[in-house]
2 protein chains.
Amino acid sequence: MGQGNIEAAFSVVPEGSVTTPKGFKAGGLHCGLKKTTRHDLGAIVCEVPATAAGVYTTNVFQAAPIQVTRESIGAGGVLRAVIVNSGNANACTGKQGDADAYEMRSGFAAAIGVAPEHVAVASTGVIGENLKMDRVRSGIAELPSKLADSYEAADDFCQAILTTDLVKKEVCVSVTVNGRTVHIAGASKGSGMIHPNMATMLGFVTTDAAIGSEALHSLLRQATDLTFNMITVDGDTSTNDMLVAMASGLAGNEELTAEHPDWAAFAAGLRYVCEVLAKAIARDGEGATKLVEVQVRGAVSDEAAKAIAKTVIGSSLVKSAVFGADANWGRIIAAVGRAGQPVNPETVDIRLGDIVTLQQSRPIGFDEDAALEYLKGDTVVIHVDLHMGSGAATAWGCDLTYDYVRINAAYRT
Amino acid sequence: MGQGNIEAAFSVVPEGSVTTPKGFKAGGLHCGLKKTTRHDLGAIVCEVPATAAGVYTTNVFQAAPIQVTRESIGAGGVLRAVIVNSGNANACTGKQGDADAYEMRSGFAAAIGVAPEHVAVASTGVIGENLKMDRVRSGIAELPSKLADSYEAADDFCQAILTTDLVKKEVCVSVTVNGRTVHIAGASKGSGMIHPNMATMLGFVTTDAAIGSEALHSLLRQATDLTFNMITVDGDTSTNDMLVAMASGLAGNEELTAEHPDWAAFAAGLRYVCEVLAKAIARDGEGATKLVEVQVRGAVSDEAAKAIAKTVIGSSLVKSAVFGADANWGRIIAAVGRAGQPVNPETVDIRLGDIVTLQQSRPIGFDEDAALEYLKGDTVVIHVDLHMGSGAATAWGCDLTYDYVRINAAYRT
């Protein structure tokens with residue numbers, strides 16, 4: 001899971017955002033779905049038909065916009081736009097909810113002059129309430145005039161998708177493909193579980209690479225497994241989680257396939273974009289004061305390492321200990337031991353940053369002051385080495401704090 | 001999962017404890033493993049060889065006393081005593097830890113004049129530190145003089161097994177077998193995760209029924225699956241979890257087997273004892289202000305219902321909402337939907353006590369004041385009906401509070 005080789009394959013673009021790749025405009029505005037005056041409706045639009053791919057929540061309860069977006073991308077693997085509202089998830093809203101999601105799609109398609117099946121729809125916010133469609137309609141009418149390829153317009157979009165997130169999340173990288181510069185950018189929102197009732201994760205990736213829909217989907221799926229699927233704030237999965245990618249092809253490269261010499265570089269860039277967005281969601285988890293990274297190695301397989309990393313990052317006891325800057329390796333080893341994966345109880349090493357706390361499953365003396373200092377930092381890396389094989393995985397999460405409880409206990413009362 | 005028929009099969013014995021069944025004495029004292037003056041060493045002793053059975057933690061890391069107890073019960077299914085210390089879990093303690101657990105066994109066996117393989121050993125407390133054996137030795141020397149069949153002696157035992165538990169946990173029932181009165185009693189400790197680093201669950205059941213070791217093990221296993229295995233405080237599993245049952249046979253009934261006419265009544269009594277002890281652990285979860293019960297019915301199988309009930313009871317979002325007395329059905333349905341079990345997204349009902357909040361997967365108006373009042377109570381029951389089949393299960397847990405975070409963040413620092 002090392003980053004060394006990957007980072008060499010691409011460069012981060014300072015102040016890059018979803019409008020940096022050629023062909024994309026974005027925008028956002030306040031139409032009245034949020035009680036505050038913050039933006040609550042946004043869109044990304046591509047000036048040409050973009051090849052598209054999506055990955056969706058595995059929750060049995062899937063909100064109406066998930067179905068509509070599946071249908072749009074399923075129709076031909078092509079999108080011209082994605083429209084997103086915050087403030088209302090349009091979930092558990094019955095037939096009216098379905099109708100509203102379809103109307104968002106057809107309404108915005110008409111407003112920008114494209115076919116309805118070329119528009120994806122995403123929603124995040126309160127569940128169980130129908131959308132105030134009069135406000136959505138007036139927002140849709142105004143939105144085309146806000147679209148631009150500027151950094152400011154991209155910022156408006158990034159703001160429009162947030163719920164209780166504290167900060168917007170965006171990243172852009174450039175990769176060289178056939179000697180040409182290709183951009184891959186993304187925006188996301190996460191862990192705002194107060195108002196939406198749960199942690200809806202939305203992610204949007206734009207690129208000007210030429211790549212087919214199926215190839216894009218396969219890379220998006222792989223990147224998601226190693227990034228968005230490896231973060232946890234509290235283990236809950238929303239009815240609205242969605243990640244959509246659009247590729248305009250305007251960079252002019254030869255179409256990317258698995259045989260293309262720059263396939264790996266593009267894949268690395270896409271994965272990096274997803275990783276930055278995923279880590280930003282984890283760091284901005286409700287009430288979080290720090291990012292926690294768990295690196296597992298020496299497992300019998302990558303799958304085993306993944307399961308162990310996710311069990312450790314999801315342990316409330318580990319999360320509380322990190323909040324309290326407590327070098328509590330006992331909670332870490334207990335989580336390792338209950339992950340349901342092969343573990344040799346005699347050969348486990350645990351490090352917090354560079355501080356070794358357990359070697360060959362036995363506690364060893366460590367400098368408590370140094371450990372406290374390390375754990376007080378804004379990023380804590382827990383290393384677990386099982387010494388059994390070459391399986392490795394990394395997971396990300398955050399600490400469990402008073403504010404998490406305050407935010408989630410106080411929501412409606 | 002109804003209790004009606006079961007309760008008719010037995011009666012609760014007021015002020016009954018582990019010494020109520022014929023043949024058992026108990027006791028406890030302070031030997032110096034806890035920093036306070038609270039009891040930290042205790043034992044239950046049977047005056048005749050008792051048939052015995054045990055169930056143990058599934059954690060890969062199993063503490064030394066687990067191995068020793070397995071060996072004792074495995075030798076012939078017979079115990080004369082169980083000795084328990086709190087304040088130190090004797091886990092991750094290497095060969096010295098093994099030697100110490102064996103010495104606890106042989107030392108106490110010598111002190112009461114029985115064979116070492118007739119003694120079980122249990123420990124709970126800090127992990128990764130070796131036992132202060134000088135203190136254990138002096139405690140073992142004194143303990144036989146403390147043993148008695150009085151309620152006070154049983155109380156000393158119940159106190160000696162606690163760590164950060166706020167209250168002792170004990171129960172006793174009587175069942176009629178062959179026209180004779182049989183007693184089944186139990187004591188447990190749980191969720192004290194501060195000092196022991198994790199939630200060690202210890203349970204001890206005594207009965208004067210005549211029953212073989214294998215039959216007792218089979219009933220204990222069944223009862224555990226429906227009770228101790230259906231509680232969660234925060235999902236963590238300790239290296240030291242253990243449940244041991246001893247049957248003296250002094251009630252004089254014909255040996256209980258699956259063909260015995262009173263087999264079901266005895267099984268119901270045993271299950272009730274385990275359920276009371278398990279619910280007491282859940283209610284006394286760290287920082288908990290209330291007991292939460294999740295009843296799932298209408299699932300495709302009992303196994304599916306179990307998985308769903310445990311996902312709901314384990315959701316940090318649901319637990320926080322209950323703490324905040326927030327009738328947040330959205331979080332409940334989201335947990336139902338991610339449990340990985342068959343769910344029809346159109347047919348789910350959710351009730352909080354008697355207050356219906358979701359019917360056929362659609363929110364329906366309910367009296368918010370009544371819901372608030374109900375959720376402020378000290379027991380909250382969440383009912384989920386999937387309307388798919390006859391699978392049912394009940395799980396228990398507690399709310400997630402500021403105190404949980406405070407307790408678990410502040411432990412070592």
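A Cβ is built for glycine as well, from the same backbone N, Cα and C atoms used for every other residue.
Keep in mind that TrEMBL annotations are predicted by a computer and have not been checked by a curator.
Copied over from TrEMBL:
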type: ACT_SITE; residues: B:THR200; note: active site, nucleophile
type: BINDING; residues: B:THR163, B:LYS189, B:THR200, B:GLU286, B:ASN408, B:THR413; note: substrate binding site
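Proximity to chain A (Cβ-Cβ distance under 8 Å) holds for the following recorded positions out of B:THR163, B:THR200, B:GLU286, B:ASN408: B:ASN408.
According to its DSSP assignment, B:ASN408 (substrate binding site) is helical. Secondary structure from DSSP puts B:LYS189 (substrate binding site) in a beta strand.
Around B:ASN408 (substrate binding site), taking its Cβ as the centre, 26 other Cβ atoms fall within 10 Å, counting all chains. Counting every protein chain shown, 27 other Cβ atoms lie within 10 Å of the Cβ of B:GLU286 (substrate binding site). Figure note: comparing Cβ neighbours within 10 Å for the recorded positions B:THR163, B:THR200, the maximum is reached by B:THR200.
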